[in-house]
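This report refers to the structure that appears directly beneath it.
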Amino acid sequence: MKPYKIPAIPASEITPKHLFDARRKFMQTAGAASLAALLPQALWAASLGDLKKSPYSTAEELTSLKAVTSYNNFYEFGTSKDDPAERAGTLKTRPWTVSVEGEAHKPKVFDIDDILKMAPLEERIYRLRCVEAWSMVVPWVGFPLAELLKRVEPTGNAKYVEFVSLHDPAQMPGQKYPVLDWPYREGLRMDEAMHPLTLLTLGLYGEVLPKQNGAPVRVVMPWKYGFKSAKSIVSIRLLETQPTTSWMKAGPNEYGFYANVNPEVDHPRWSQAKERRIGEFLKRKTLMFNGYADEVAPLYAGMDLQKYF
Amino acid sequence: MSIKNLGNKTLGRIKVVVFMLALLPLFKLCAGAYRDELGANPIEKISHITGYWTLTFLLITLTPTPLRQLSGWLWPVRLRRMLGLFAFFYGCLHVLTYLVLDQFFDWQDILKDIVKRPYITVGFPAFLLMIPLAVTSTDNMIRRLGGKYWRMLHTLIYPSAIGGVVHYWWLVKKDLTNPIIFAALLGVLLSIRVVYRLRSIRLFAV
């Protein structure tokens, strides 16, 4: 792996700050307005109040709210990108509990409303890189997953974390088809799960998480491909052995357990060297660990990333 | 004039209608682009829609022959050239979308794709095979080649259609529903031909 070089940006490329801010303001207003027009009030009224600004945020231009909420991979509601926005209305996000169990001294079932009050909510503006070679910049809201995991006191045997999403074909019509082995399962190594970048996510754009984005609670690991970020989580299990995820079962030679963003390890059927940022025309180069190498590269020191893809 | 073989005038009218219908997907795509309704990733959408219609027109082009074999209808065969040219037309739009909008003439990446991405490795030649068919679609070319050679040349539509379906099959991440439908339809269209061919051989042998 080549050492990471900070890219030199010519002055002509830099948007003056007042224009940048105006553009961002316009995008936000336009995005919010169009979304408000799309959704009934009841679905889209819950602001999450004052949010701590996280130093882990990127200053890159945000992807519009409209794109973030209308272009989704959430196979529980269908395999096309516009299915989740059209069909996620059937998901009931209250009452909702998340059971944290397995290798823990104090396993517990948490109510979603208690999770919302568990720790100060922060806004984290993260890059999101999909395994399909497109990317977004999303202002998530949440707090580190570690905050939740600490509360159940993991035992010394807890080496892995498994996330299990809701399984209810009545609420999630896509589960009537065996596209994946339902329920959706994802997982992390314990040190990945405890990493401060790993966000237990409850909202985006300052509001509660829209259903098509994995309401009421999901995780976000910005240095991994998007499919690792399990949505609509009902159970988090601490395990001694590495769990097998839904995508590993679906295509063992295409989707590994780690799924770290890596421009040098191609998907067997397409290149991962570049990506299209949603809203942009020309592709940009994909960065090692999606640009979070400084934070997460030590987690994988000495590992062969071609093998552990 | 019967349902099996229509007169020139009726056929002319049908041709106009089919021509208009065949332009509808393009018209819808342009309207969608104009009204900014192609979603968050319009390039992907344009690529999928043009690809879908290329395959659809390839299958429609392959329909008149088995239709004649099964029902004795002759007139659909006379629409075949136009349908095939529409398959080529949407194929051109599909390939141009890839070259211009998706890769923006990054020839190095395009070459890498053709060599390394199996669905492009099979899709690109599937498109190239359509070029000689389009070029030799005129009456003049049929005369110059002679019916026998022209027909031989135009069997290239079979590998082209098979390649197109495989291309679609291999690019889909997980949900194979649509590729399976295309593959099944192509399978039916080709096997009717095979059955009739075998029967005609047997008739000769008897």
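Each Cβ is built from the backbone N, Cα and C atoms, and glycine gets one as well.
Record features (TrEMBL):
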- B:48-67: transmembrane segment (TRANSMEM)
- B:52-164: domain 'Ferric oxidoreductase' (DOMAIN)
- B:79-99: transmembrane segment (TRANSMEM)
- B:119-137: transmembrane segment (TRANSMEM)
- B:149-170: transmembrane segment (TRANSMEM)
- B:176-196: transmembrane segment (TRANSMEM)
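Confidence over the domain 'Ferric oxidoreductase' (B:52-164), given as mean pLDDT on the 0 to 100 scale, stands at 95.
For the transmembrane segment (B:176-196), the partner stretch with the most Cβ pairs below 8 Å, chosen from B:48-67, B:79-99, B:149-170, is B:48-67. For the domain 'Ferric oxidoreductase' (B:52-164), residue counts in helix, strand and coil come to 96 helix, 0 strand, 17 coil, using DSSP.
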